[in-house]
Amino acid sequence: MFSIANKKKVRMQQKLKIIKIGGKLIENEQNLSVFLDDFVKLKGAKILVHGGGNMATEVAGKLGFETKMLDGRRITDKNSMEVITMVYGGLINKNIVAKLQHLECNAIGLCGADGNSIISKKRPVKEVDFGYVGDIVKINSAFISSLLEQKIVPVFSAISYGGEGQLFNTNADSVASEIARALSHDFETELYYCFEKKGVLANADDDESVIENLDRRKYKDLIEKKVITDGMLPKLQNCFEALENGVERIFLGNSELLQKKSKHTKIIA
Ligand SMILES: Nc1ncnc2c1ncn2[C@@H]1O[C@H](COP(=O)(O)OP(=O)(O)O)[C@@H](O)[C@H]1O
Ligand SMILES: CC(=O)N[C@@H](CCC(=O)OP(=O)(O)O)C(=O)O
């Protein structure tokens, strides 16, 4: 019989790719289709994490709810949490899974409550109360690994679980990096952030000004110069934390990143 230690050793030699797709790419049918075609072609174990912030804002607006963001994170009141559950957990997640099934990729759609997979705690109230925003405290690696072993592709939405019947909204970039960090104990992990730009830009007005290699020193400098703002702030914070906690390689780019043919950003130590 295979012992747990042996199983772990076998997995350590296995590569795992965790890919996050941002909301602005999902909204565009053409970009989503290019991305999913490349995603299904990736060999080996893989996990997809999706955002959808823009769509949630749009649906909330239609329902007459105002959206407030701070440092790339949504201040999530009760109404906002309900919209998020419907949009991320339902509309986006189920459509992506259906498209993957059509491409003959056996995907399963999950939020953090499913399989007790992503456990979080309400973000502590400091200057701001983010409401139903959860910071991840635990990833159920054993459950996620068991899906991967069955060749099932988990597709996670940006919803975590508080453990006491409460769902929380969690930045999708954080979901991806925390899953990558946790599973790097068992697999050799690579993390990919796909969004609408070619990578981290040195000049926000020039889409070709991609920084090909980004280290922490340059990242801090670019924050001070206000070149890195908005959603890019939590995204890069997640990248460096992941790199310092066992994730082997991290890349940022557009819907074509998975082919790595066009310019993109690599996070380096
Ligand atoms: N230096 C930068 N390079 C690229 N994008 C940046 C930069 N600074 C801020 N951004 C913004 O960050 C956004 C990406 O973050 P976010 O909106 O969270 O992405 P996602 O679509 O993955 O959710 C880009 O759309 C861009 O407007
Ligand atoms: C707490 C928090 O901000 N959660 C995010 C989750 C979705 C997300 O991250 O979507 P994108 O990847 O498309 O930005 C939000 O509600 O906007």
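Using the three backbone atoms N, Cα and C, a Cβ is placed for every residue, glycine included.
Site annotation (TrEMBL, ligand substrate) includes GLY52, GLY53, ARG74; from ASN169, ASN203, ASN213, the additional listed residue is ASN169. Per-residue confidence over the domain 'Aspartate/glutamate/uridylate kinase' (15-254) averages 96 (mean pLDDT, predicted model). ARG74 (substrate binding site) sits 14 Å from LYS235 (site 'Transition state stabilizer'), counting Cα to Cα. In this structure, the C-alpha atom of LYS235 (site 'Transition state stabilizer') lies 14 angstrom from that of GLY52 (substrate binding site).
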